[in-house]
Amino acid sequence: DVVETQEHYKSRWRSIWIMHLTMFLSSVGFSIVVMSVWPYLQKIDPTADASFLGWIIASYSIGQMVASPLFGLWSNYRPRREPLVVSTVISVAANCLYAYVHVPHSHNKYYMLIARALVGFGAGNVAVVRSYVAGATSLTERTSAMANTSACQAVGFILGPVFQTCFTLIGEEGVTWKLIRLQLNMYTAPVLFGALLGLINIILIFAIFREHRVDDMGRQCTSINFEEEGIFGGLDQDAEGSIDQVAVVSVNFLFFVILFVFAVFETIATPLTMDMYSWTRKEAVLYNGIILGVVGIESVIVFMVVKTLSKKTGERALLHGGLMIVLVGFFILLPWGKKLPNIQWQEIKNNSIPRTTFSEMLMPFWSLEAMQLSSNHTAEPTGCPVSQSWCLNTPKIYLAQYISSDVLIGLGYPVCNVMSYTLYSKILGPKPQGVYMGWLTASGSGARILGPVFVSQIYTHLGPRWAFSLICGIVVISLLILEIVYKRLIAFSVRYGRMQE
């Protein structure tokens, strides 16, 4: 073990902040085009339909789910700079491909699908980022560093649509450079901006990022990733001992549940408010965008607060509290009153509920709504459609319930997110964490794919009472599992008696 010098300390934290930037850019790469994917797809390929849009949106999470364990495995055996640079280069190339999907004479929609899947594949580097942050911090630093990482990710998701809005000023036509066949418009400018940020990130990784590793007590040590004067050291003796696999699997399950219920929360917002409050499509997108923006700001504040709070209560207690808050948030959403929502009376050609394809289930509701709005020039019917049979007997969810639920879920989700990553990294201890972090990221990506599928089917066929009751049941099961494994969710060094909890 080597005593850490001041110079090493500064270099270590500079490298951690480069990882925070990488996480920020990864989330910006996803969110910066979300609002414009459908109109751009219509522009470049009129043959694309709503079901194909569902696959394009899902392709990001699928790509990330596949790539995360691979990049994690790579980072276990080689300097992390390698997978970080390669993944960022893939993202830059994918963004450039997205800007050129208008060029081919046919099959343009497939090129867009490939581009978004590759952006997601490049975003698999979040497993490398989190494994590095975990290995480069002591136990006392870990929660704060993980909170900052999650905050940067959240800020990226918030600012992505803001950047997109700014680029709409360029317009649909924009400027064309015929020499390189590049159209710079409101659809391509955001991804080219993302590519530029990626290039800056690569430069910073080469210029500033250095491999660092400290043990749970903060002592400098070497690992297989450590590169200095061409020497690669071995893992120190603190790595001796086996990882508690029950704790690992449990945290993976809890993390899946956390991202699953949040994906449901995001997906259900637009159709729920349209059905319950007779909002038009435009009003639902606008009002929910404002609400989700406020929830995003709330989440960033929570990320900052938990750093201090965890020192007093511990990560396990905060995770338990966060899940309880999420449970209360969904419980409040259950229909309790007697007043029924306004019914959308209209001519129904088929009394049965229309069949939904798998790819349509993957697509966010607002995308389908936007598509239907663009093709409907008549007065827009509002209220709960009678084709959803539950509308005739399910009580209305009041606006106060909905907003209260948003606030509670926006409070509980970031707490659970940070505590899951922090506990997971502490359980793994000095072992190489790349693959394990890859599986955790993959479980989160899978949850973001399955969440919309689940809620679209249950909500459409059975209504909010069943949808939110099942979510409450899932959260209760996760709380029971947390209680069962509570004593096992301890740091590796504490488990083997090298440190006091």
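A Cβ is built for glycine as well, from the same backbone N, Cα and C atoms used for every other residue.
As recorded in TrEMBL, the features of this protein are as follows:
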type	residues	note
DOMAIN	15-490	domain 'Major facilitator superfamily (MFS) profile'
TRANSMEM	16-40	transmembrane segment
TRANSMEM	52-72	transmembrane segment
TRANSMEM	84-101	transmembrane segment
TRANSMEM	113-133	transmembrane segment
TRANSMEM	154-171	transmembrane segment
TRANSMEM	191-209	transmembrane segment
TRANSMEM	246-265	transmembrane segment
TRANSMEM	285-306	transmembrane segment
TRANSMEM	318-337	transmembrane segment
TRANSMEM	402-424	transmembrane segment
TRANSMEM	436-460	transmembrane segment
TRANSMEM	466-486	transmembrane segment
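Counting Cβ pairs closer than 8 Å and at least 6 residues apart in sequence, the transmembrane segment (436-460) and the transmembrane segment (16-40) reach fewer than three and form no contact.
Counting Cβ pairs closer than 8 Å and at least 6 residues apart in sequence, the transmembrane segment (154-171) and the transmembrane segment (246-265) reach fewer than three and form no contact. Against the transmembrane segment (191-209), stretch 16-40 shows more Cβ pairs under 8 Å than any other of 16-40, 246-265, 466-486. With pairs at least 6 apart in sequence, the transmembrane segment (16-40) and the transmembrane segment (402-424) have fewer than 3 Cβ pairs within the 8 Å limit; the two do not touch. Ranked by Cβ pairs under 8 Å to the transmembrane segment (52-72), the stretches 16-40, 84-101, 113-133, 246-265, 466-486 are led by 113-133. If you look at the transmembrane segment (466-486), the same-chain residues 6 or more away from its ends with a CB under 8 A from one of its CBs are 246-247, 250, 253-254, 257-258, 260-261, 264, 268, 316, 319-320, 323-324, 326-327, 330-331, 333-334, 455, 458-459.
A contact between the transmembrane segment (16-40) and the transmembrane segment (113-133) is present, since 3 or more of their C-beta pairs, 6 or more residues apart, lie under 8 Å. With a cut-off of 8 Å between Cβ atoms, the residues of this chain six or more beyond the transmembrane segment (113-133) that come close are 15-16, 19, 22-23, 26, 29-30, 37, 52, 55-57, 59-64, 66-72, 74-75, 80, 83-84, 87-95, 97-98, 101, 145-146, 149, 153, 421, 425, 432-434, 436-438, 440-441, 445. Summarised as a single figure, the pLDDT of the domain 'Major facilitator superfamily (MFS) profile' (15-490) averages 81. The list of residues near the transmembrane segment (246-265) in space but at least 6 beyond its ends in sequence, with Cβ under 8 angstroms from a Cβ of it, reads 319, 323, 326, 330, 409, 413, 416-417, 420-421, 423-424, 427-428, 436, 439-440, 443-444, 446-448, 450-452, 454-455, 467, 471, 474-475, 477-478, 481-482, 484-485, 488-490. Nonlocal intrachain contacts for the transmembrane segment (285-306), taken as residues 6+ away from its ends with a CB within less than 8 angstroms of a stretch CB, comprise 143, 147-148, 150-151, 154-155, 157-158, 161, 266, 269-270, 273, 279, 318, 366, 369-370, 403, 406-407, 409-411, 413-415, 418-419.
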